[in-house]
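Novice: Below you'll find the structure I mean.
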């Protein structure tokens, strides 16, 4: 009985298992796992299954990978301490300059400021490569991992490499191993000035650069586009207020020192000073001061205060102008063209003051009789016959009685020309009284007031003529010299 029940239990269990296995919608144990959300994302990208999704181009990724491997291969074993062609050939560095701004120029410090794009090109056999691109633009950080020329500026006082917002440097590598290295620089360079012709002077401000350590047997420099086109100045690049940029001359020099001979590249920028400012500030005031000093020649010689004021004021004015003209110049030991002009103007002004002193010294400031001395006039008065009546010490003029005062005669007091004329034309009864005797000279014998000195008459002509001749010679000399210098620069 028990065996029969166990048999039915096993048969029933087997039948149930068979029924479960054949029912639809059922899964096996390996497929019974529920699908995760991540599985859906992996299978559905943008509404498409992976087998229908578009292919992503991988050219850029391939180029980056290729050039990364190329650079790694080039820099592997590369020694940036050794120049290209060491022991075999001389390294040639080709250069050119683009000037973005020129100026300002400092006369007192004798220096100028220039902002340039400085380009250098050289060939390095170790950096040849073969890739999908012929020219490979590189980051400026790579410049520290390869050899670069040790170029420096011989006459540079201070040079600044711009670093905002990143270092302003450009590095390009050509597949044949040629490199282009460009940087933006602001250079403060010396400009030796010879101020003998100031302010009509012309200067040649040099810019010199070359290798610091390599002699001409190792590194040489040359101009990339020749001497005519290797240095270019932007049309709006002038930052000059007192100068005109006439042009530039490019050249090459060899300098010798105790360590060897070096190649030096030179560029001379020719500057011409603008004279307008100095004409207004110095030349015109000097000319007007000289003319003002010569006005005193037209004042009468008796106007001592007026002529003294003219002379002293003009001398002090010229002194002030000469001091102010030197403030904008370095303290040079020689005289400039402006110094000579101011000195001559000062001489004219001072001579006008000396001329007045001479006239005032040799001219009588009195009303004395012309051609006769006072004692002679008194003797003539004594010899005149007097009336037998009682001596009267008065004389009558136009019905008025005046006492005769001989003390005033001894002090050179006379009657002016304006008073002498009506006295001569008056009636005899109005001139003299029978009680007195009055001695009267003719109008021709009376000294004239406001008389003009012969020295003043000559000075009115000599001084203006000499000053005009000086200006003619001065300006003609320096204008012709300026034209000759400009012509020479154009030829160069």
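Using N, Cα and C of the backbone, Cβ positions are placed for all residues, glycine too.
Just lifted these from Swiss-Prot, have a look:
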- 31-42: compositional bias 'Basic and acidic residues' (COMPBIAS)
- 63: N-linked glycosylation site (CARBOHYD)
- 163: N-linked glycosylation site (CARBOHYD)
- 176: N-linked glycosylation site (CARBOHYD)
- 228: N-linked glycosylation site (CARBOHYD)
- 1-28: signal peptide (SIGNAL)
- 296-305: topological domain 'Cytoplasmic' (TOPO_DOM)
- 358-457: topological domain 'Cytoplasmic' (TOPO_DOM)
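Can you walk me through where each of these features ends up in the structure?
Specialist: DSSP assigns residue 63 (N-linked glycosylation site) to a helical segment in the three-state reduction.
Cβ neighbours of residue 163 (N-linked glycosylation site) (same chain, under 8 Å, six or more residues apart in sequence): none. In this structure, residue 163 (N-linked glycosylation site) belongs to neither helix nor strand by DSSP; it is coil.
Residue 176 (N-linked glycosylation site) carries neither a helix nor a strand DSSP state and counts as coil. Long-range Cβ neighbours of residue 176 (N-linked glycosylation site) (same chain, at least 6 residues apart, Cβ-Cβ under 8 Å): 123, 128.
Long-range Cβ neighbours of residue 228 (N-linked glycosylation site) (same chain, at least 6 residues apart, Cβ-Cβ under 8 Å): 250.
Confidence over the topological domain 'Cytoplasmic' (358-457), given as mean pLDDT on the 0 to 100 scale, stands at 51.
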Novice: Provide the three-state DSSP residue tally for the topological domain 'Cytoplasmic' (296-305): helix first, then strand, then coil.
Specialist: 5 helix, 0 strand, 5 coil
Novice: In sequence order, which same-chain residues at least six apart have a C-beta under 8 angstroms from residue 63 (N-linked glycosylation site)?
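Specialist: For residue 63 (N-linked glycosylation site), the qualifying residues are 132, 133.
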